[in-house]
Every structure is written in C-alpha cells, then in structure tokens.
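Peer 1: Per Swiss-Prot, the feature GTP binding site maps to 466-473, 512-516, 566-569; the stated evidence is sequence analysis. Annotation comment: Swiss-Prot describes 1-10, 154-225, 232-241, 318-333 as compositional bias 'Basic and acidic residues'. Taken from Swiss-Prot, the feature compositional bias 'Polar residues' covers 27-37. What Swiss-Prot records for 63-118, 128-138, 246-284 is compositional bias 'Low complexity'. Taken from Swiss-Prot, the feature domain 'tr-type G' covers 457-626. What Swiss-Prot lists as region 'Disordered' is 1-374. Sequence annotations record features per position, and here Swiss-Prot assigns region 'G1' to 466-473. What Swiss-Prot records for 491-495 is region 'G2', and it gives similarity to another entry as the kind of evidence. Per Swiss-Prot, the feature region 'G3' maps to 512-515; the stated evidence is similarity to another entry. The annotation region 'G4' is assigned in Swiss-Prot to 566-569.
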C-alpha cells in the first residue's frame, strides 16, 4: 500500500482536510442575574459547541492546558505538511485561561484524561488515509523520487495554497482564542468585584440592622418603665416567639449576626430591615419623646408580620434602598422623608403628602368615620364637558368616566354632553342641579311689567290696511295734509310709513302698510304693532283679496277694526254693497247691527275725515291705552335700511318707556348706541315717548323689519344678546341649507328625476321690508322645473363685493330703489354681469318671470295627420323596400313623423324618407289615394301594416 501510482491523484489533496479548523459555533443568550438588596443585571451567556472547562473542574483545566506528550512523538520526522496541524492543535488548547479557584468546600472534579483526548487525538485519524500513512512518512528516501515524479505542477500549487490557507486560519484562530481568554478574564474580574461589593454592602446592612435593633430595644425598655402592663405582654410574646430574622438581640452564648450557612451553600439573602425611622434611636442617653415611641403591641405585631415571611420562605425580599450613613448622633432630622433621601439609586417611595393622606385614611378607618358628602348646587348649561362638570361638582373626572362606563358609554374628559346627561350624572353623585340655557341672556329684557302707579295715557297706534289702489296712502295724505303719494314710485307704497298727527289736541300715530300681495308680512307686522286697524275699502270696487287678508291679520292680532269706505265721490260708488260684502267675512258694521264702526270718506275731496279721526279717538278711549314713560324703552322695528350718509337707519315704534340718545339697545341680532332720534318730519328730537315713531341712528347693522328692540344696561349685555341671536340665525340657516341641499347623491337623483333648474339672483334694496317682499314673491314663481335662487340679499347700494359674488355664482344683480357705485359698475362691465334697476315691484317680478320662463324646456305638441294602409311591399334597387299604400284617413305629408303599427302595436317610430305618387315626389297625399312611402333606416315593413303620420311642434312655455 506504500507504492504510489501515477493515477493516484488524491494523495496530496486528502491530508489538507486535517488542517481546517471549524469556527467555534457560539450561541448567545441573555439571563437576568439577581444580587442582594434587590439589584438585578442582564448577563450575556455564550453557549459553545466545543466543550470548555467549568470553574469546578480545576484538574481538568490544568491538564488541558499542558501539551500532550504522546501525540507529537513523530513530529520531527514528519513532512512539512503535518507541522501546522500539530501546532494549531496545541495552540487551540493552550490559551485556555485559568479559572478562579473554587472554594474549599467544593467537591473534587472528574479525571482530565477523557477531556483532552477527544480535543486533539480524535481529529487526526478521521482525515488520514487508511493503511498507516503516518508510519511510512519518516522514510522519504525510498519515495522521494517517485513522489516528485507523480506530483504535477497544479497539484503542487494546490498543496501550497492549502498550506497558506491553513496558516491564515491558524493565525485567526489564535487571535480569536486570545480575545476570548481576555474577555473571560475581564468577566471573572468583574464578577469578583461585584461579589466583594455585595459582601461589603451586606456587612454594612447587618451593622445597621444591629444598631436599629439595639435602639429599638432601648426604646422598648424606656417605654416599659412608664407602661408596665404592655411590657409584660410584650415579654410574653417574645418568649413564645422566635427572634425576628436579623432584627432581635441574640441570646447569651450565641454569636451576633445571621444564621451560619452550610459549606458549599450560598447565603439565603440579606436580612430584611425593620421599617422604622432612623432617628428613633436615643441620642446621648436621653429618652425619646412620647410622640416618637411606638405602642409595644403595635410594634410587635408589625415585627411579626415583617419577620414571618423571612422565617417561612427560603429567601427574604431584599431591601430596595441603600443603607444611609448617619453623620452624627445630633443629626435628629436624618430620617425625615425627603425627596433626596428617598430617591437614592433605584429606590423610590411615597411622598410626604401621600403618607399623610394614608395616615388620615387609616385613622378614619380605625375610628369608623366616613367622609361627609358635600352636596353642591351645580349650574349646568345646555352643553358642558365632562372635565368642567367634574370641576363644578368637585369630583374626580375618573369617577364620572367610571360611572358612564357602567352605563355603557365610553367617553373622555374632553367630550361634550348635553344638559340632560349632565343632570343625571350630577344627581347620581348627590348634587342638586340648576339648569341654565343660552336664552337666559334675554331674561328681564322684554315684557317687563309696568309700574301701574306711574302709567299715563298714550296716543293710539293706528294701522291703515286694505287692497292695493283703494286709497290707503291718499287717505293718510289727506289726514297729514302732505303729499306722500307723489313721492312714491308708481303711486304705490313700497314700505311701511309711520306718521303722527294731532286731532283736537290729541296725538294719533298712523302706520301705512302696502296693499300689494307681495307685502303680506309687512301688513302682518303692522297689525301686530297697532292698537286700531282702519280697513280701507273702495266703494266702487268692494271687497278684494287683499281686503280679506287684512281682515284676517287684524283678527289674528286681536285689534278692533274701523271700516273706512273710500271713494264715495265716484258715480259707481255703492257703500251698501261694501257693508253687505263685509258680512261674509264676519265684519258687522253698526248700520248692520254690529259693533264695528264704519265711516264713508273721500280722500280726494277730504270728505268726513274729521269723523274718521273722531271714531279713532273714541275707539282709543274705549281701549284706555296707558304706558309708563319712566321705564326703559321697548318697541318694535317697523322698517330698517342702510343709508349711504347716515349708516344703518331703523324706523321704530316705541311701545313702552322713553328712548333717549345715548341709550344702548338691542334690535334683533344687532345692537348699538343711539346717536340721534329723528321724527317723521325729519326733525331731531331729544326723546321719544310711548307710541311715537322715530328713526334711530347708530346701530352696528341693519336689523330685520318686525324685530323687537329693548334698551339694556351696558354694552357687554347688548353684545352678549346680539351674539346669541346671531348664532341662532346661523344655526337656522345652516340647518335650512343642509336640509334643502342634502347629500350630493340626493342632489343628483333629484336633478335626474325632477330636472329642476335654478335662476340665481343677487338682490339689493333700499329697505329690508321691500327685500322680504321681493323674496316672497319670487318664491311663489317657482315650479317643479324652475325656481329662483337668491344667492344674497341685503339693504343698501350695490357694491363691488356683490358683483364678485354674482360672478362666482353666475347670477344676475337686481337693484330695487338703489344704484351701484362706480367701482361696482366698472367691475360688472369687465365681468359681463348684468345689473337691472327697478322702482316698482310689478316690473321686477314680470322681468324675472320672463327670464325664468326661458329656462323652461319647450312643450312638445303632436298633431295627428292621417293613416295609410300598406297594400304591397316592393324591393327597389338602390332604394330598398318601398311600401305601396292607400291613405285611409286624413293625409300624409312628406317629412312628417310616422309610426308603423302592426296588430295594433307600435313597432317603429321615425320619419318618412320618400313620398311618391306615380314616380313623382309629392308634398302630401290626401285621403283615398295611393302612394309609395319609404322609411329612414328601417326596412321591416309588411303588407297589412298601418302607417300613422303626425306632425311635432315645440311650443315655448311661460310661468
């Protein structure tokens, strides 16, 4: 087997397998090591596949550290390839560090021979070729020539590379072994240092515990001198109970300290310290004060509880805090609970206030005292957060949240709840509830009772109502002796006018209301603010729709009616017809046996005007109208407008009290300070008493017509009320828009179903009442297909912002008795926005109606022409099928619409392509004649079918 052949190629390759040293497989894991005094530390533990010596196997380590003499016996005679192998094997086992010596109580370790043999000797036979290659290598002379001849250059290079790689791996393994030994040495040194530190702390802790035990013993002896009975009980308990663990004085003949531990067994933890304050020891032999002494029974019980766990368990729980070094005996306050003394190292304890609360709670539990529940009156608004509710009840928000969780509601302290839920919570916690609302800011402003002793007679407020063009304003003009009608556009009243006249030394306040149907709301406001209603009826026109509406408003307001039959000077006047027509509406005049006063007047010729005023004064005397002029003013807004030079101007009627310049008032959602008072003749007055109409200057904004106003104490109150009303108005507007708008899907469905078109408008008027009338009139014009959408409306001139809004919404601008400024006109020209001006509401409504009619889709009208019966069907080249027909009814026109009817079922509708008679195109074929007809894009025609001819017309519609 020693002979080599040329084909034995594996001779020089196999030995290099013995040179490879596998990298030691290291697995790391982390464990938590516990030390005394409750300290823990995370330790990295490495698990290796190679078997290392443990600290308790000292003989094995020493044997492993020495080189094995038997293995390298033939090393000097081996080939150079085997030298690195033995060197690396010896080097791998050489750098094993000597472990720390085990204590003398440790058991002897096992023999070392079985440990070292598998490490080196078992690797070599695995990679050797069978047949004793190692024994034959000392004879190179016999094989040297043969070996050189059989090894090729590539094989020599492979062997050289294998040797170089083995040397590199050897160096790496040696460096890795050195680092591992260094790390283990550092780890052993650190552990030794920690053990020394732990032993030192344990010794200090034992010394401190001994000192505390001695101090406690002396304190108990001092207390026993004053209280002999508790001392006897304490002694009996001490005799019947073993000494506490590491805390009691030792018996005679027994050394101080803990219980001795058996050999080879670690100590079972440090003694548990008694939780007493350090300053309890007597200083300089002086007895402690009575306040610092504990009761003997209580101290023994506490010691039993503290030491019981140490006696029963294997190891007591270590103390968290580090021992404190006492500087001197006179340091009395050393044991005081402070932040610095209780937060040393990792320890942490309760604060002084927490300890005090705990002591108070313990005292109450011992004395069986319960904390008295304080019931409070909790003010709850309409909405409140849980945190604010807890603060008002002086309760913890956690308790409220727990209560709500029991009720099945998961809420946070910042969540908002309503008043009902807050009331339930407050009552559940034993508090009384006082509900308040945002509307409470208006309490005490309106409907304040008058002082009956200070009331005086006031002028009556008379409203003139009736149908349009029945002479209401002409009658008021005749009474005032002033030409009011000539100043109004179109001769009709556009807004309420309030005037005051004097008759026989007595004042009468008149309110003129429009008679047009669009001004229904203004008539209603006039009736609500009045004492007497004069119903004007034309003698030649009798009762009209607006007359009936005025009667209903007066009855709804509960005011008496005086009928003024006007235009008696006309030839067609019939006053008796008017009285009879009023009977149908339950208005019974005196001449017809009723109680309603009626006067025949002529505003044009000023006939019987005195009788009408006397009837008004008589009715006012029967009503006995009184008011308190010394109280704060209260009334109603008749009309409001935005004047360019004076700002917001409101025409108001004082109902109670007296209004002065400088008063702060609230009108609807607006407030302001009265800057000036102007009467109906344009004169500035210093005060306005009850039933006096005046114009107020100084409001922050333009109020709505019909709003009530009242004088308040200060600006803060006025601002609060105005903000509350503005918030209500915004909420209503949002709710109305959201309810009308809905979701996008609903809008699209509505448009698909109804196909509603909108006509957007921006309306600006002179007064708020006129804008309201225009809005109501335009709403009535709307249908299911088209309606007017008012993007914005307001009192005042047309501004540039109105033009921008109209441009954004693609709306038209309408000005009623107002004009646009220069900037607005220029902007409208640039943007292409149309601005229309109107003075009469009739014209405005007619134009908008015509524009809305243009949005309507034209109506499709169908006119029947005639029927024709198909007699024969012909196939004609380049034309298709042609029906030979006879007109049986009416006529058939070329280009008319046709329907193909088969068995009384319409199977096709289209247009007639050709209409011929004897090969000639004709315009129409009358009844009884035959013709040929062809349809557009349709050939399915049969003999016997009926053709119906009709004409379609599209007619534009109007509203």
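Cβ coordinates come from backbone N, Cα and C, glycine included.
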Peer 1: How many other Cβ atoms are found within 10 Å of the Cβ atom of residue 466 (GTP binding site), counting all protein chains shown?
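Peer 2: That number is 28.
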Peer 1: What count of other C-beta atoms do you get within 10 angstroms of the C-beta of residue 472 (GTP binding site), across all chains shown?
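Peer 2: 28, counting other Cβ atoms within 10 Å of residue 472 (GTP binding site).
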Peer 1: What are the helix, strand and coil residue counts for the compositional bias 'Polar residues' (27-37) according to DSSP?
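Peer 2: Taking the compositional bias 'Polar residues' (27-37) as a whole: 2 helix, 8 strand, 1 coil.
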Peer 1: For a quick check of packing: other C-beta atoms within 10 Å of the C-beta of residue 568 (GTP binding site), how many?
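Peer 2: A count of 19.
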Peer 1: Enter the number of other CB atoms within 10 angstroms of the CB of residue 469 (GTP binding site).
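Peer 2: Taking every protein chain into account, the count is 17.
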Peer 1: What is the number of residues in the region 'G1' (466-473) that are helix, strand and coil, as DSSP sees it?
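Peer 2: Within the region 'G1' (466-473) the tally stands at 2 helix, 1 strand, 5 coil.
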Peer 1: Mind looking up the mean pLDDT for the domain 'tr-type G' (457-626) in the predicted model?
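Peer 2: Value for the domain 'tr-type G' (457-626), mean pLDDT as a whole number: 78.
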